[in-house]
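Taken straight from TrEMBL:
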type	residues	note
TRANSMEM	6-30	transmembrane segment
TRANSMEM	42-62	transmembrane segment
TRANSMEM	74-93	transmembrane segment
TRANSMEM	105-125	transmembrane segment
TRANSMEM	131-151	transmembrane segment
TRANSMEM	163-185	transmembrane segment
TRANSMEM	191-212	transmembrane segment
């Protein structure tokens, strides 16, 4: 029992390390956006959805909702701060129409988080509170891991990985795999299910990168 707890903590720490790397991976993209003062064809949706997931993850992992998930709280608090920064950069450099859309998305994000937090505090207690917050967290996590699907479709159509950074795909795979094992050891289905999906999608992204990276190298020449 103790060995399982130690192993779970080890994978939680590993998940934290690669989780932070995952949240930091888009910095290369945003350096390009800032230098060109344009969001080009980059989509803001993955960052808005990831912000939603981070906020719901933090709420789910708080002691009065789901005990023994401090590591989840730490990594997603860092993630929420970074994702909020990315969305702010989009707001600064996106075209006017795009800015209006982003503001609409943010309104939806904060409305969802506020509703989940208030309902779970005022209407539910104990296991029912954990179930409500767990389902909300799981759905948002699946949406986060599924958000690159549009980018993957673009990669297949254009046969180019320009808008699918390698380190982001790698971080998705390793991070989701670490949290999948963490959840498996802790028997937490709310963390396990979305990270199983994340591991699969991360692997698919890496396969696509391996297939089309040579096309990108030829373009650069």
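Numbering starts at 1 and runs along the chain as displayed.
From the backbone N, Cα and C atoms, a Cβ is placed for every residue, glycine too.
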Query = Which residues, given as numbers and ranges, are at least 6 beyond the ends of the transmembrane segment (74-93) yet have a Cβ under 8 Å from it?
reply = 15-16, 19-20, 22-24, 26, 30, 33-34, 37-39, 44, 47-48, 50-51, 53-55, 57-58, 61, 99, 102-103, 106
Message = Against the transmembrane segment (6-30), which of these stretches has the most C-beta pairs under 8 Å: 105-125, 131-151, 163-185?
response = 163-185
